[in-house]
Amino acid sequence: MSTPHSTPFTAPFPSATIQGYPRIGAQRELKFALEALWSGRASEEDFLAASRALRIDTYARLRDAGLNEDYAIPADGAVYDHVLETALTVGVLGTHKEVSLAEEFTLARGNDAQPALEMTKWFDTNYHYLVPEIADGAVFIPRPERTLRLVEEARAAGHTIRPALVGPVTLLALSKQADGATSQPLEHLDALVESYRTVLAALADAGVEWVELTEPAVVADLAVADDATLAQHIAAAYAQILGAEQRPQVLVSTPYGAARAGLAALADAAPEALHVDLAVGTLAQEPDYVHRVASLRDIHLVAGLIDGRNVWAADLRTLRNTLEQLGDAVSVSTSTSLLHVPHTVAAETHLPVDVAPWLSFADEKVAEVVALAAGPLDAPEAYAQADRAVRTRAASERTHDAAVAARTAALPAGEVQRQPLYAERAETQKSLDIPLLPTTTIGSFPQTQEIRQTRAAHKAGEITAAEYEEALKDEVRAVVELQERLGLDVLVHGEPERNDMVQYFAELLDGFVVTDNGWVQSYGSRCTRPPLVVGDISRPRAMTVEWSAFAQSLSTKPVKGMLTGPVTILAWSFNRDDVPLSVSADQLGIALADEVHDLEQAGIDIIQIDEPALRELLPLREERRPEYLAWAVRAFRLAALDAKPTTQIHTHLCYSEFGQIIEAVAALDADVTSIEAARSRMELLADVDERFYSALGPGIYDIHSPRVPSVAEMAELIRAALRHFPLERLWVNPDCGLKTRGYAETEAALRNMVLARDEVRATVSVTV
Ligand code: GLN
Ligand code: ZN
């Protein structure tokens, strides 16, 4: 138990709050301000003014929406990433002097002289943070002025905000060792906590009465530390932080799941307030969590009842019951930051009329928090509206399609297995006449400015559907011709018709809706517009056959059909909360199986089903991973289940650390699997053993950079792959799709790739 702080702060914790709000702006103001600055169209002053205006505007909107108590509005001050912002504030990055805006963006984006910090996913969300690097003997020089400026700026506009930083345990748990370091980041916890104490003291001096430290590390089983170890770190760090004489009151938050040992450790450390994630999804996984939280004594609870990362209108009455179980004087909040949802449903003008009332984006969720805190007597209209949404959604034919239910009910339960097994299929597929060390690409070819403009013109009604189709066909012709010229063995149509590999299918499947303005920050200035799974999923008609068949008609070489897999479609969408994900996954599996069948009928012999997001949905808790992998693998296998033995099924995954799920990737039972491998220089193939019985295409060309790899370089990577993997089952391909590249570099790189393959093939056929 820590000694209480000496500063007599008395501001109570607000009764209603949130854990964070979208930073990007309702009109994506931050995105455009960043891009104007980076391109030199705007000055640093313009940028600072724009980002300040956006923050102040947000505070005013939140206050008007009912977050009108002091410290109800959290602020992280991030213009690029909140992990980067905290790292700069506590001196984990840029310790030499105060980091300028330009240097901050260099850390985030890199330049010719300095690579960018690595980027990775923030817990199990689609947000990417920058990974701080910690060297041996690191010193942390606190930079509280960053947060003080934020506080002053808000004050000047009449707002008393709650500064929010990533907590020290989470910050280190998510950092990585700098190159050559022998110490683990968490070994630096004591030193880092000193820096937090200085920052907090400065905030207290400035009269700040509440700060928030977010510690989601305690809800995950991380590779760097297990639950018990993290809890010990929490105990040590917060004894120091809360024992400081001069500090504001501290809210510790634990979004993204249920804390276990960490919950008890935090309760013992006794911050002035503790936030817990009580979202529907969290409680479904850990049903006794409400009970465990309710039994904590002497701590002000902040109940994260409104789901911060999904888009469904809350069942206010049920949540109000849960709130009452937690005791009196409990504050209400969101389960996570609202960073993960779009700004407002009000910006959507094309949603189906029955669906719109079911939805709740950031602004609607703020209203829900306020209504939940107020109670049904004070906010009767909000509760009545919530009741209607819950009732109409549950009864809708959109959510429960009898035909879909009949088809999934007829499926075998558990594991499904394509017949015959790989060895026999591989024999049969020799009829495809594919040469040794076959060359192919991952699917997309450069999405030129011209294609984008044509798509926009079509959407705006400026050109007819027929004109649009002609333009796309011209593109397919050019792509096929290019591949023929380069001598690739298995061709693709290039995917010019796809705006996005998930949205394209979502627009064609029943059970999804797409938004006009539902932008969500992915990282920095980059946003995605995830589709929404609103009900049972089915395929009204073929989705890709026309394009693949057209491309095949242009060549005697095989053209690969190109589908996005069930797990990836779900991972990059907002999902239902009324059925388990595995239900939607089965439905997608069947829909894709129908597409596979139609492609076969149209004469397509090779079909790729992309699953780049297979690892992204991996649960944060270890014991839940086998169950997830089981339904994920099953959904993929359903898509391929009835494929003819002669049909060669490919899959594609991209990220380098696939060691964690290598067994699941093998279990997909694809005939050919392409993976990202160039940047790790084939190192990951060391993990590949007999478990990987089928063919493999480790990428030999990093498509993330415009650099054209030389023939020698790629030949060396093929040889490196051959040291781990048999010649007869090795494919030659880039790391991923080429849609972000330009044509000049793509053509040069693919030419070198084919030459590298020829060079290696010439030597191996001599020695074999
Ligand atoms: N077929 C897709 C493409 O080439 C795969 C993209 C991905 O893996 N992210 O664009
Ligand atoms: Zn990829």
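Quick reminder: no glycine exception, Cβ is built from N, Cα and C everywhere.
In TrEMBL, annotation is done automatically, which means it is predicted and not curated.
The active site, proton donor annotation in TrEMBL covers H704. Sequence-distant contacts (6 or more apart, same chain, Cβ under 8 Å) of H704 (active site, proton donor) comprise R679, D735, C736.
Annotation source TrEMBL lists 5-methyltetrahydropteroyltri-L-glutamate binding site at K31, N126, R526, C527, W572. Taking all protein chains in view, 17 other C-beta atoms sit within 10 angstroms of the C-beta of C527 (5-methyltetrahydropteroyltri-L-glutamate binding site).
When other Cβ atoms within 10 Å of the Cβ of G443 (L-homocysteine binding site) are tallied across all protein chains shown, the result is 25. DSSP assigns G443 (L-homocysteine binding site) to coil, not to a helix or a strand. The feature L-homocysteine binding site is assigned by TrEMBL to I442, G443, S444, D610.
S444 (L-homocysteine binding site) is surrounded by 22 other CB atoms, counting those within 10 A of its CB over all protein chains shown. What TrEMBL lists as L-methionine binding site is I442, G443, S444, E495, D610.
Feature annotation from TrEMBL assigns Zn(2+) binding site to H652, C654, E676, C736. In this structure, C654 (Zn(2+) binding site) belongs to neither helix nor strand by DSSP; it is coil. Over all protein chains present, the Cβ of C654 (Zn(2+) binding site) has 21 other Cβ atoms lying within 10 Å.
Residues or ranges marked as domain 'Cobalamin-independent methionine synthase MetE N-terminal' in TrEMBL: 17-328.
The domain 'Cobalamin-independent methionine synthase MetE C-terminal/archaeal' feature in TrEMBL is assigned to 437-756.
Checking the binding-site residues S444, E495, C527, C654, C736 for a CB within less than 6 Å of any atom of ligand 2 leaves C654, C736, listed in sequence order. DSSP classifies H704 (active site, proton donor) as coil under the three-state reduction. Reported as a whole number, the C-alpha separation between S444 (L-homocysteine binding site) and E676 (Zn(2+) binding site) equals 15 Å. Ranking the binding-site residues N126, G443, W572 by Cα distance from H652 (Zn(2+) binding site) puts G443 first.
Fewest Cβ neighbours within 10 Å among the binding-site residues K31, H652: this applies to K31.
On a Cα basis, I442 (L-homocysteine binding site) lies 29 Å away from K31 (5-methyltetrahydropteroyltri-L-glutamate binding site).
Counting only same-chain residues six or more apart in sequence, the Cβ atoms lying under 8 angstroms from the Cβ of W572 (5-methyltetrahydropteroyltri-L-glutamate binding site) belong to N126, V502, T528, P530, P531, A613.
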